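Noted in Swiss-Prot for the protein shown:
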type	residues	note
BINDING	121, 125, 126, 127, 355, 356, 357	(6S)-5,6,7,8-tetrahydrofolate binding site
SITE	228	site 'Plays an important role in substrate specificity'
MOD_RES	229	N6-(pyridoxal phosphate)lysine
């Protein structure tokens, strides 16, 4: 018999301890992984609701199960808010993740073996943009494009490759690129060769929703995103379009269900609906502008301390610190900073001589620290501590000093105040 007072703490102390330890880790560590963020208690409330019990294969008004009248309301709210947020005429909120959303786009628009032009993973792309270890690289003929010596996307080279190889689809978007993407130029290139333009805006969706980064929705045939990262919602994916093409919309819906998924996660879709409502509030724009301001402040200190930033700066929420030429790998930097309660991720950089398991760079992002309330002063102070460790990564005394400073700063800015 189920009772409302059932709890994990009494029933499963091993699991409860792991959850408690992770909660403490989040409170006592500074989170700088560019793809991570803190979602709101309202989103977590939705995810912990009885919506998790409901199976709802299909779409609102066209379900394969009965009893869906209220989950239809939930999903419709999420769809309409997503469309409003990004200026779309179509939204699918069912993908379980960004990768699932991307997979659905491939399924809807392509056949195995078709040619795709996507950003090289080593230059800032994503696994699902054509990496040979991913479904995208295994099932499709991938032509990679990249960045030039200045660290910017080389659109002339992109156009040359597009004309030469005539891909059926071009992919815009990234996982480690700190510049502004010219979506209009990409659409011009796509139109020149009759290709689809598909944009994966997962990393910058929150910035786009707030108007502090260019919106690809008016330019692309299809746009996908995660709903976490800068958007600060639950872990999940969405597909958007403003193409006003009902046949395209039907293909996308069919590629999600039944093509790639069965029942949607209604409790997560409720969390998405809440997050989209939060993203429509004026304070969300203030938050996203601060995310960019903090990233620029961090870059300023890195450059002052003699560190190289790929592309020389940032126009979004992230930066890539290039450690080539230094006696320090990305893996070592990641570990040293982690010992001081600063969480980053090792990351390959352009022309990286080291393997993806070691790398010569670290990727740093500001969404989570900004969510805690950090502003430019804290961002600069933190970057100074990071440089202290990178300058002397094998010195336990430096790591312990910085760890103490980090703990004090975290105590001033709790994740959930």
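Any Cβ shown, glycine's included, is placed from N, Cα and C.
Taken residue by residue with DSSP, residue 126 ((6S)-5,6,7,8-tetrahydrofolate binding site) is part of neither helix nor strand, so it is coil.
The distance from the Cα of the residue listed as 'N6-(pyridoxal phosphate)lysine' to the Cα of residue 357 ((6S)-5,6,7,8-tetrahydrofolate binding site) comes to 23 Å. Its Cβ taken as reference, residue 355 ((6S)-5,6,7,8-tetrahydrofolate binding site) is surrounded by 11 other Cβ atoms within 10 Å in the chains shown.
Each of the recorded positions 126, 228, 229 was scored by the other Cβ atoms within 10 Å of its Cβ; the lowest score goes to 126.
Distance from the CA of residue 228 (site 'Plays an important role in substrate specificity') to the CA of residue 126 ((6S)-5,6,7,8-tetrahydrofolate binding site) is 16 Å. Around the Cβ of residue 121 ((6S)-5,6,7,8-tetrahydrofolate binding site), 24 further Cβ atoms fall within 10 Å across all displayed protein chains.
Cα to Cα, residue 357 ((6S)-5,6,7,8-tetrahydrofolate binding site) and residue 228 (site 'Plays an important role in substrate specificity') are separated by 25 Å. Of the residues the record lists as binding (6S)-5,6,7,8-tetrahydrofolate, namely 121, 125, 126, 127, 355, 356, 357, the two whose Cα atoms sit farthest apart are 17 Å from each other. Residue environment of residue 356 ((6S)-5,6,7,8-tetrahydrofolate binding site) contains 14 other Cβ atoms, counted within 10 Å of its Cβ in all protein chains.
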